[in-house]
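What TrEMBL says about this one:
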type	residues	note
DOMAIN	1-65	domain 'F5/8 type C'
DOMAIN	80-192	domain 'F5/8 type C'
DOMAIN	196-376	domain 'Laminin G'
DOMAIN	382-547	domain 'Laminin G'
DOMAIN	549-586	domain 'EGF-like'
DOMAIN	808-974	domain 'Laminin G'
DOMAIN	975-1011	domain 'EGF-like'
DOMAIN	1013-1195	domain 'Laminin G'
TRANSMEM	1228-1249	transmembrane segment
Amino acid sequence: MIQKGLNAWTASENDFDQQLIIDLGSVKNVTRVATQGRAHSQEFVQEYHISYGSNGLDYARYKAAGGEVKILGKLTNIHGEGTSAWTAKDSSYFQYVTGNLHKRKEIRAVATRGRFATDEFVSEYMLQYSDDGESWRVVSDPDGYEKMFEGNHDGNTIVKNEFEVPIIAQYIRINPMRWRDKISMRVELYGCDYVADTLYFNGTSLVKVDLLRDPISASRETVRFRFKTSAASGALLYSRGTQGDFIALQLRDNRLVLNIDLGSGTPTSLSVGSLLDDNIWHDVVISRNRRDLIFSVDRVVVQGRIRGEFSRLNLNRALYIGGVPNSQDGLMVKQNFTGCVENMYLNATNVIYELKQGYETGEAFKYQKVNTLYSCPEPPLVPVTFLKAGSYAKLRGYSGSNALNISLEFRTYEMHGLLIYHKFKTDGYVKVFLEEGQIKVELFTEGSPKVKLDNYAEVFNDGRWHSLMLTMAPDTLVLSLNYRPVKTTKKLNFFTGSSYYIAGGKSGPRGFVGCMRRIAVDGNYRLPTDWKPEEYCCPNEVVFDACHMIDRCNPNPCEHGGTCTQSADEFTCDCTGTGYAGAVCHTSTHPLSCQAYANAAGLSRSADIQVDVDGSGPLAAFPVTCQSYSDGRIITAVNHAVASSNIVDGYQEPGSYKQDIEYDASRAQLEALLNRSHSCSQRLDYMCRHSRLLNSPSEESNFHPFAWWVSRSGQRMDYWAGAPPGSRMCACGVLGSCKDPSKWCNCDAEHLISDKDEFQMDGGDITEKEYLPVKQLRFGDTGSHLDEKEGRYTLGPLLCEGDDLFNDEITFRISDAVVMLPAFDFGHSGDIYFEFKTTKENAVLLHAKGPQDYIKLSIIGGDQLQFQFQVGDTPLGVSVETSSRLADDHWHSVSIERNRKEARVVVDGALKNEIRTAKEPVRALHLTTSLVLGASIERKDGFVGCMRALLLSGKPVDLRSYAKRGLYGISEGCVGKCSSSPCLNNGTCLERYDTYSCDCRWTAFKGPICADEIGVNLRPNSMVKYDFLGSWRSTINEKIRVGFTTTNPKGFLLGFYSNISGEYLTLMVSNSGSLRVVFDFGFERQEIIFQGKHFGLGQYHDVRLSRKNSGATMVLQVDNYETQEYHFNIRESADAQFNNIQYMYIGRNESMNEGFVGCVSRVEFDDIYPLKLLFQQDPPANVRTIGGILHEDFCGVEPVTHPPEPTETRPPPFVDVTSDDLHRTDEAILATVLAFIFLLLIAVAIVLVRALSRHKGEYLTQEERGAEGAADPDSAALAAATGPRVTKRREFFI
């Protein structure tokens, strides 16, 4: 760069002889030049020449392709220099600044700045261009959307946008779309004068380029040109060769169609553009690199791959431009082109320029032109656009006549609209209108009833030009559409009125919205530009000399094959039969996999469904069979067209029998399924009779099998199913179980005469996913149809198990933990799908921002999902409220989608809601920050729980890979705090993911982990009684638990009684210290004694008692001793059920004078916890104490606690030490000086504080006189002359 910074080169004189010479030091390839004027001034150069040389003495002028000297520079500036800037009056989307270049220029770049030294700047804008200042076109991106150009991020930095395809125009309009504070900008346009070599074709014209002497044989070429026309169809470019190659470019029904064949016999067709017959210049680029093809019109790009195996285009006849002399292969139109073509380049050759040069010098040689002009006359057509339903024209005709004739051409996308209305001078009227896209006539005349004529079945709102003529005479009406007249004869008696309403102005159907031309009333045609103000309405709703229509269906905004229809205002997508839903057919209606289907709908055994492995991605859905097994496995089966058993006979040569396998899915679909599955396999069996398979044994160097299978990538495999790759074996060869031990396959064994009719078999499962599925089978050595050799093969379906997408789980265990994904380009249409489970009722699930745009998905109140977003300046939101809880610790799926028409949220595949977005302008959602999962970007309102199965516009994201990096607060898998079972004694763990809580309601314990004892210290006269109060229990497998400690080896622990049945159960400590269980359940009294342990030694014991085997077996477990079981012989007629239990006693029963002495806790009877009920805040009336007040006791058992979990600390944010911001010299110096001043001020402050704090303090002391010099207190007391005295001492404090 010359003169970096604020300096600039200034010539000594201001004349045309000044020059700046730059020595580059050596020969360089210079590709571009950028200039800027002197800073903070109005001094700048607008145009300049460039000369170049290699020795500093001899210079050559840089010239354009046509030979003219190239003039470079800034075309114009809109307050681009200095500190002044353009500021819009209002900061709204409808502001624009227009630059008039006074003639057509070739514009290659635009540069912008904001207002100097302010925060007023435009950060995004659109560009429009025009040749006349009336008809404007928007610069589009390759996808056909309005291109949003990047603007500025501050007020002074220059941002330059270059155009890959230059803009050729006289007028440039900049429409700001995003801005800061106010719309302010400085603009520079870069380019040069535009030199056009033009040819006009009148429909009978053509240019012929002879290729016989100079044929084309190329693997790559580029064609560039511009054209404009008012005709809907015509041949633009054609050539062919003797080997079947051809290229055909044609305008067909307002669209450009390119057909090309490289000699394979299978043409490739691409189409792009729409409404190209608008008499406006259009830029065309065709670029081919071997079989890769790029086709562009007005910067809208379509790409394709040419069919066939050839890559060279061989043309050796003639190249025709603008038309052909006769019908040719590849052309779908019959007429030649009518319109203008300019600057047609074939590679680097300007064909029109060479044609002109050849004819001017008389040496045209290979060029021949017919009926062409070197100019571009304007066609005698002036269209008029009716922008709104309220606009119309009111034209005069002959009044009082008994005949009328009115004709016009129209084009529209509207379903309804009034085309013509005429009121007769006598009673009655006639009107022609669109209804559901069809043309209809309503007629009412004096003396005749009203009739409606509907003579055309087709629709006419397809955006094409259609001609219409209405002719009426006595008793006759003729309506002609596209030169197809239909005559209606009926009694007609009328006289014409004076006025004809065109496109509206009368009640009835809504007004016409679209374009018209060639409007003639009673044979009189007037140009719309000659209409008087009183002849049309309204000035701002009618546009002359231009057809302002937008084809909103091209490029097709409907995804996945959806059908697009449109009106003047918007498009609509019909997704019927596509397998997708939504406003643009973006979201798949099929499950992602069999696993997803089982998760959502449940899968009992088998189901035939369609799966869409990439969701909203480009892959279509395909049929599979889902199979569910009792062990939880989910298998996906993809079938093929080959029969289950196939005979191979009469193919002797190796591999001479060939069977291609066609699956129900494409290779791309199968690869996506294979990559996502845990494992896959495919069964392949071959039954043989005297037919060899692998011709084993063999070495790698001499491996010549008779049969093999081919992998999906086309690789010939060297092993049979059931053996490992590269083994050259069958399964029996690996296991050593082949019929002939010297062979590696059963089919390779030598067959004896005695078993000539016996079949052998080799087969197994192919489990290598990288080779599956089998693409082709090849067999040989099956002799002829007359011998005994024969083979039979069976190939099973492709079987895949599981879906790794749903194993890609991570846990957010801390509320401020996040996963930061790369910035996600939502663009004009995008979606995010994932599944989550949590118990948190309010949390941010994901968040991302741009300079102005943002997206945020949140859980609100535990039962609502809210998607908030902003595109431009209007924040929007859409919510889905669920009837069941989202914060229920179960998996829930969510899909958020934003497209050109709406934003929508789908929860659990069924609940959905959408919100309509603004119609115009269509904006891409621009996000620049990371896509943050688990919290907001500021790490607030964090989510705790699990996420899995994240898809961004159909592309899976590997969440586990982020967890493997050791991110703060993120774990692999879905692992909550309750996974370690922290709640003891059957307490219920309530998951919180960042913590947990224990529900101890169904235990006999309390405390944070259900480990705190609830007991009672009993005295001899104490007892606790639980009354079942009519809710009497009858049990056959009761569960009883009690804990106790005592030093008194006797007493009643726990008992259950029924006065109704007389049945009972008592648990007690005997006088010998043993544990006794006595019960009678109606069949006979039984007693169990647990011996070998003394229970009166003050130790704590835990006793569990239960029954099983229909009450015939009593199970007794004491502490950690071995469980003891006691079996009882119960007669079949006996009842082992403990019937009608009425009371439960603890300590003693009402018939005892003395009871248990000690501490009792953990009392449980099935789901009843009497001690817990007794000591709760408001105990129920059916549990009470007898024998005095009892207090809760923990029976000397200290509660169990878990060790504290290590505390996690969020690491500090990463700081890029290489950042330029940390190494700016001026900032470093300033920081050093400020730090030094700060430290100096601190030091001064410390000194001043200590100086001001220096003061004299006084304190009192009591000492006896005469004791001043004593060595110790005793000596002082002896030496004291008088009693103690009080005196003041002084001491300085600093």
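Even glycines carry a Cβ here, placed using N, Cα and C.
Note that this is a predicted model, so its numbers are computed, not measured.
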Tell me, please, if the domain 'Laminin G' (382-547) and the domain 'Laminin G' (1013-1195) are in contact, taking contact as 3+ Cβ pairs under 8 Å between residues separated by 6 or more positions?
no
Run through the domain 'EGF-like' (975-1011) and tell me, per DSSP, how many residues are helix, strand and coil.
4 helix, 9 strand, 24 coil
For the domain 'EGF-like' (549-586), distant same-chain residues with Cβ under 8 A (at least six beyond the ends):
143-144, 255, 272-275, 300, 302, 385, 411-415, 463, 513-515, 610, 612, 616, 620-621, 829, 831, 897, 899-902, 904, 914, 919
Whether the domain 'Laminin G' (808-974) meets the domain 'F5/8 type C' (1-65): three or more C-beta pairs under 8 angstroms:
no
With DSSP as the yardstick, break the domain 'F5/8 type C' (80-192) down into helix, strand and coil residue counts.
0 helix, 67 strand, 46 coil
Counts by DSSP class (helix H/G/I, strand E/B, coil) across the domain 'EGF-like' (549-586):
0 helix, 10 strand, 28 coil
